[in-house]
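Quick look at what TrEMBL lists:
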TRANSMEM  B:6-24  transmembrane segment
TRANSMEM  B:36-57  transmembrane segment
TRANSMEM  B:77-96  transmembrane segment
TRANSMEM  B:103-126  transmembrane segment
TRANSMEM  B:146-166  transmembrane segment
TRANSMEM  B:197-216  transmembrane segment
TRANSMEM  B:222-240  transmembrane segment
TRANSMEM  B:247-265  transmembrane segment
TRANSMEM  B:271-293  transmembrane segment
Amino acid sequence: MGVLKDHRRLGVLVLLGGGVLLLLWYLAPWAVPHRLFGGEGVLLNPFGHHLPQGGLPPGYSDGWLRLLFYASLAWLLLALLAPWTKASTRGLYWAGFAGLLLFLLTYLLFQASVAQVNAGAERPLLRRYSLGLGSYATLAFGLYLLLLARVFSPGGLAFLVRRRGLVVPVFSLLLASLLGGVMVAVLKENPGQAASWREAAMLKLDLITYTYQLLYSPLVNPSGFLQSLLLATPLIFTGLSVALGFRGGLFNIGAPGQLILGAIAAMLVGVYLPGPRWLVLPLAILAAALAGGLWGALPGWLKARFGAHEVINTIMLNYIAASLFLFLISANEYKFFGNTLFLPFKYPGYEARSHEIRPEARIPHWTDLVAPGGELSFALPLALLLGLLGYFLVRRSLGHRVLFGLLGMVAGYVLGGLLPGPAVAFGPDLTSVRLNGAFLLALFALLFFHFYVFRTVGGYELRAMGLAPKAAEYGGVLAGRKMVLIMFLAGALAGLAATHYVLGGGIDEYRLKQSLPYSVGFDGIAVALMGQNTPLGVGLAAWLFGILLTGGLQVNLQLGISRELVAVLQALVVLFIAAGGFLPRYFTDPLRAAEVELKEEARKREAEEAKEAR
Amino acid sequence: MNLDTAFLAALLLSTLRQTTPLLFTALGGMFSERSGVVNIALEGIILFGALTAAVVVERFEAALGPGPHPWLPWMGVLSAMAVGGLVALVHAVVSIRYRADQIISATAINLLALGAPSLVLTYFYGNATSSKEVVNRLPLWGLEGFALSPLVYLAFLLVPLSWWVLFKTPFGLRLRAVGEHPEAADTLGVNVYRMRYVGVVLSGILAGLAGAYLAIGFLNQFVRGMSAGLGFIALAAMIFGKWHPLGILFSTLLFGFASALAIQLQGTEILPAVLVQAFPYVVTVLVLAGLIGRSRPPAAVGKPYEK
């Protein structure tokens, strides 16, 4: 790592990045002031535009681009020189910040140029406008310079290695996105005619950029945002399910089957158990958890008792669960050796689906939670506030604090429900999103995971089983029983994912249907790995995939690329994370990481002492 | 129940057909695990092989016209084997060179096999679920009324062949040594990494063969998710067969029989089809629970080797 200190090496890294930047400046569009529906855009580049219908849109002026180009060139020149000066890292910091400012300037100039045209018109002339890859490259290079400056300062490598839980997944995501970009380039033809190879490259790069813009578009539009939370809900549950298994040293590929069993149980209680809401809804949710848990405990027991590997068993149980599920809802009568068996579960009609869940057992839609009866409710914000107060103000044992937190939550919910609120109305694009209370359940599941795994004795034993099963057993953990328990909890979490679909009507109806997307259980593997088996990570990773899946719909709609692109990205992320992001081994091996950190600390101290001595 | 000869003959043929892909895959899994690498990616590799065979044959037909081309299905088979080997190579590189968790790396490939075919199918055929049907399937060899695809014969021929390779050749000895005690093998000059690469790639080639059989031998197109757990069942059969070619022959025949029975019972009034379909999976769980004897895996299986 002594080499890392080498200024020459820093200079070469900056030079390499600068080369890529120059190439992208030359080949990629800097801005796209207008885009047609099929994806072809008006592509602006200082070396020559790509203009679909003869010329620039009427009234649009591209004068700002030339000015910006010279400013950018000057900036790049300074950045390339910075590593060769005496205070190299400080110079790079300045260059990096200047890059961010430059990007901001680009953004403002571009917005102004578009606003100039759109301001007068009744219906905006320029639509689907955005900056292009050339400008984003400026931003990326600025961030790259800042990162290099930090890493090449004293103790910089330790800074990265300490954050390896973030570095490995993010780096893997970048790699997967790069490969995904190549796939888009291969699979999709250019949307417009190109006169030169440079123009063709510009169209291709713009196509890739636009694909990713669409994939991440739910971040900037309200209904897409809600939709991404909707899709994240089941992913949180299944991600936690897989993560819990990983923490305990077990690989749960059985989340799809556990989800199916949860769905069946939720349906049975929700359709057939009469009673008041306060009783039936919790029972239906518990039934889902219990059924999923038992289905998960089965391979756990098989492993503990017979040593049968849980991976193949959980997969087999997925198929068995799917058969059982179809058996229950695809017909009303079956023949067994000539005898007829009648089942009441299927709703009449062509489609394989159950009867409707009774209104008492339904999980409320998000509008009924946020604004019941059209009035904004203070119940949820107040519950959150009092819950946090209860947890953080009570200075006693953890159990007490959690208890007071929960009590505060209930009190806040009741109190907030009594307060009158202002009237609000949501547009149809927002109310049509079927986000429901299951999302809150998912947040509670995240909290449960955190407290159970990291704050209790049981969770400590679980982690010990995952890190060193023999040592855990020697330390007094009943390994077999623990294994069954871990798989039960993992199954219960996966089973709860079904509440979103069946009780919350997460897709279109409050029923158990053949279209139940139980393969989200497999997506849970990607979520758990991306989230590094931590609750915060799982929550964020689930949301990320929720965004991508929502955006995938737009990609399919506007570009005709299969939505499965997102599934491929997920699989690649899993593969790359498994390989440690192809990063050096001190990013994946805790012992080597500690070694690096110690060495870097020593070096930092040395540098400081040398400074003082001077 | 009408247990007449026609039913039994159909059952026998069906058993042989159902056993074939299982046998290819289980023998492949055996080579991989004997070298010390778990390969649950075989399920996905079957899909990649099937996709390749179907698309290659269909593309050639589109270019040359449908007319009978006897060599064309073999072309499909070879390309499926090549792609199977390549995909397995990815698993090998990630799990041998980068010491990844072998189960996770393989799961990534299985996830990839769920998504990637749709991209390819959308590109060529504009739909995400199946490829266009091909005319040039693999031929049928045999007597009138008892004809089977050549790959069926090949699968059963591979059993004695793999036995000979594994137990009677220096290569087989080295492969087994690397899976049992890599340090010892390394000390004696065996290149552990190379043996493992060979084992894993071999398993991919065989799973690709199984995929080709499904796509252009058993059916005449690729259908999304057409492997339906075959790869996992084959691994269970491999465990049940105690990582030995002869054991694998009998265990895959058992699973093949279970599937064949399920197919033959469909449409009858004996058992509902949806339940019968789960039969092989239930058998797998029971077998893995060790209801019929314990089996011991190669000692070093699943552990990355470090010099």
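A Cβ is built for glycine as well, from the same backbone N, Cα and C atoms used for every other residue.
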Most Cβ pairs under 8 Å with the transmembrane segment (B:222-240), selected from B:103-126, B:146-166, B:197-216, B:271-293 | B:271-293
Which of B:6-24, B:77-96, B:103-126, B:197-216, B:247-265 contacts the transmembrane segment (B:36-57) most, counting Cβ pairs under 8 Å | B:197-216
With a Cβ cut-off under 8 Å, give me the same-chain residues at least six positions beyond the ends of the transmembrane segment (B:197-216) that come close to it.
-> 20-22, 24-25, 27-37, 39, 41-42, 45-54, 57, 73, 76-77, 80-89, 91-92, 95-96, 134, 136-138, 149, 151-152, 154-155, 158, 175, 178-179, 222, 226-227, 230-231, 234
Spatial neighbours of the transmembrane segment (B:6-24) not adjacent in sequence (6+ beyond its ends, CB under 8 Å) are 46, 145-146, 148-149, 151-152, 155-156, 158-159, 206-207, 209-211, 213-214, 217-218, 230, 233-234, 237, 248-249, 252-253, 255-257, 259-261, 263-264
Positions whose Cβ lies under 8 angstroms from the transmembrane segment (B:247-265), at least six residues beyond its ends = 7, 10-11, 14-20, 22-23, 26-27, 30, 156, 159, 233-234, 236-238, 240-241, 271, 273, 276-277, 279-280, 283-284, 287
Mind checking which residues reach the transmembrane segment (B:77-96)? Cβ under 8 Å, same chain, six or more beyond either end.
-> 32, 37, 39, 41, 44-46, 48-50, 52-53, 56, 102, 105-106, 108-109, 138, 151, 193, 196-197, 200-209, 211-212, 215-216, 304-305
